Amino acid sequence: MLNDKDLSTWQTFRRLWPMISPFKTGLIVAAIALILNAASDTFMLSLLKPLLDDGFGKANSNILVWMPLVVIGLMVLRGVSGFVSSYCVSWVSGKVIMNMRRRLFNHMMDMPVSFFDQQSTGTLLSRITYDSEQVASSSSGALITVIREGASIIGLFAMMFYYSWQLSLILVVIAPVVSFAIRQVSKRFRQISKRMQNTMGQVTTSAEQMLKGHKEVLIFGGQKVENERFNSVSNRMRQQGMKMVAASSVSDPLIQFIASLALAFVLYAASFPSVMETLTAGTITVVFSSMIALMRPLKSLTNVNAQFQRGMAACQTLFSILDMETEKDEGTVEVERVKGDIAFDHVTFSYPGKETPSLHDISLSIPTGHTVALVGRSGSGKSTIANLLTRFYDIQQGQILLDGTDLRAYKLASLRNQVALVSQNVHLFNDTIANNIAYARKATYSRKQIENAARMAYAMDFIEKMDQGLDTVIGENGVLLSGGQRQRIAIARALLRDCPILILDEATSALDTESERAIQKALDALQKNRTSLVIAHRLSTIEKADEILVVVEGRIVERGNHEELMSRQGVYAQLHQLQFGQ
């Protein structure tokens, strides 16, 4: 679980501010427009006094003539300022959300593999989409309301004190009570908001699991189970939403009740003879209308608090991810192309959070241009060895050497640029076949090179039958391709990269026998003059390996070539007999 730091609202906003400040020009323009918008409303109310006292009370026709023109001018100012403020704040908000998402996305890309082992994809997607969107509440809608309604309250208070400071003092007494009520409600809003964000992550995870595993749901009749799971998390989301509504619904009438008490006191105070002597019809109308007008901004400020607290809670959640340490890259060695001499020297490794080592005292050597195969039952640690070679994880004991240099001395980008990986879990992107083969290197390779790689991987057989050929978009994770076709695209990608080190993790597991024979020829050619680490379930694919290592429960129990291991009648021979029925 992610640990959210319990920061105060001010601390959180102060940390968010550097993301907003580059666009402060837009904020300043928006603030000026909002103040003008609030001022136009306040000035409109102030016109009631001359209209009543002079226009109607003293029958001053001049006031009645210019008053409509002033009203029209104020309405034009109100409309223009409203447009400018909304546009500027939305522009700033969009920039902040975009930058927050970019920063979060880039940070997640730099996180170690262990981070993704411990987090569900749905939760992380919710952080990038839902939580980032909630930040907009802090920088757009809430900002508009705070500035505009704050300016309205200040303007109305100033006008009331100008016309009758005696009546206005009553509101000064009530203000601390309103402030205390808002502060108490704020705490409740933030608590509920955090729970809503966590629940939203669960909703996303539940939906994602059903969508990705739709075939399994259908074949195993899991509709009821998935429906119950989704209904459960959806209901929790609804319950948290209702708690937020309840808190908001209680706060609104509470603030309005306090304000109504102030109105009642004002009316009562206005009946005192000493006060009545200072009041005219216009004055009491302006003061009383201003007090009623204060209800709207007070209510808006109370409502915006819930919105603002959601944004602050989202910020805390996102900052907790941004505070996590990214993948360590302390190496300084950069190489264009390594020779490919690999050595594991007494390596012991445990996955984060697990006490039992997955690998025990592993020592192996793969000379340049040689092929070493790892065999063993599922979960024996074969793929873990491959993961360590690419530094997806760092070892706790021992040393891994590449060309005689500790793996940790290389810069990660330089190290991984030396390795081509084809795993049993092929991931393809929702793009064309050509772009998938040349992934991340589109500008480096020509169309002819991409086609040659596909042909060497025996992928052109099915690609040429497609209407768009290499330009065919294959859908999310290659959904439009068969398992064997997806595997051949991945092999073509490795062929194109032409790296000195090759890792084949069950690379032919999804191929039929005929395709496997064809692709094995390409892999044999690819492995020449390259250091290859092959993890295989089908033992027939690794019989020609220079050395075969048998891994059992994280330990190498046998090593040798195919003939040597078969002659020993050990674990390898047993696996071979089980597979071929000998």
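Just so it is clear, glycine is given a Cβ too, placed from its N, Cα and C backbone atoms.
Feature annotations, courtesy of Swiss-Prot:
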- 16-36: transmembrane segment (TRANSMEM)
- 28-310: domain 'ABC transmembrane type-1' (DOMAIN)
- 63-83: transmembrane segment (TRANSMEM)
- 153-173: transmembrane segment (TRANSMEM)
- 253-273: transmembrane segment (TRANSMEM)
- 275-295: transmembrane segment (TRANSMEM)
- 342-578: domain 'ABC transporter' (DOMAIN)
- Gly376, Arg377, Ser378, Gly379, Ser380, Gly381, Lys382, Ser383: ATP binding site (BINDING)
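For Ser378 (ATP binding site), the count of additional Cβ atoms within 10 Å of its Cβ stands at 7 [all protein chains shown]. Secondary structure from DSSP puts Ser383 (ATP binding site) in a helix.
Counting residues 6+ beyond its ends, the transmembrane segment (16-36) has Cβ neighbours under 8 Å at 77, 80-82, 84-85, 88-89, 91-92, 95-96, 99-100, 103, 135, 138-139, 143-144, 147-148, 151, 315 in the same chain. Of all the binding-site residues listed (Gly376, Gly379), Gly379 has the fewest other CB atoms within 10 A of its CB. Other residues of the same chain near the ATP site, with their Cβ within 8 Å of the Cβ centroid of Gly376, Arg377, Ser378, Gly379, Ser380, Gly381, Lys382, Ser383, are Thr384, Val551. Counting every protein chain shown, the Cβ of Ser383 (ATP binding site) has 20 other Cβ atoms within 10 Å. The Cβ neighbour count for Arg377 (ATP binding site), using a 10 Å radius and every protein chain shown, is 13.
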